[in-house]
Amino acid sequence: MPVTKSYFMTVVVVLILVDETTGGLFGFRSSKRQEPWIACELYQGLCRNACQKYEIQYLSCPKTRKCCLKYPRKITSF
């Protein structure tokens, strides 16, 4: 009897975890629409048509836009 109870609890825990994970049991995301991945957001940049004065272009964004990253400090001219 104790073996059956532990087996049942294991099955219940696995089913709860499968339901709560975003990818499901095998990693498929069929119920949710997957958004396109933008590399610019990984570096906390913004996609713009032109970068501002204190930003640098690092990568390209979709639709031929520029990925603008802010400098860590304000750069002053000498």
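Cβ from N, Cα, C; glycine included.
Among the features that Swiss-Prot reports, signal peptide is placed at 1-23.
According to DSSP, Cys40 (disulfide bond) sits within a helical segment. Under 8 Å, Cβ to Cβ, and six or more positions away along its own chain, Cys40 (disulfide bond) finds Leu46, Cys47, Tyr58, Leu59, Cys61, Cys67. Marked as disulfide bond by Swiss-Prot on the basis of similarity to another entry: Cys40-Cys67 (among others).
The disulfide bond feature in Swiss-Prot is assigned to Cys47-Cys61 (among others). A 10 Å cutoff on Cβ-Cβ distances gives Cys61 (disulfide bond) a total of 19 other Cβ atoms nearby, all chains included.
There are 17 other Cβ atoms within 10 Å of the Cβ belonging to Cys51 (disulfide bond). In the three-state DSSP reading, Cys51 (disulfide bond) counts as coil. Swiss-Prot lists Cys51-Cys68 (among others) with the feature disulfide bond, giving similarity to another entry as the kind of evidence.
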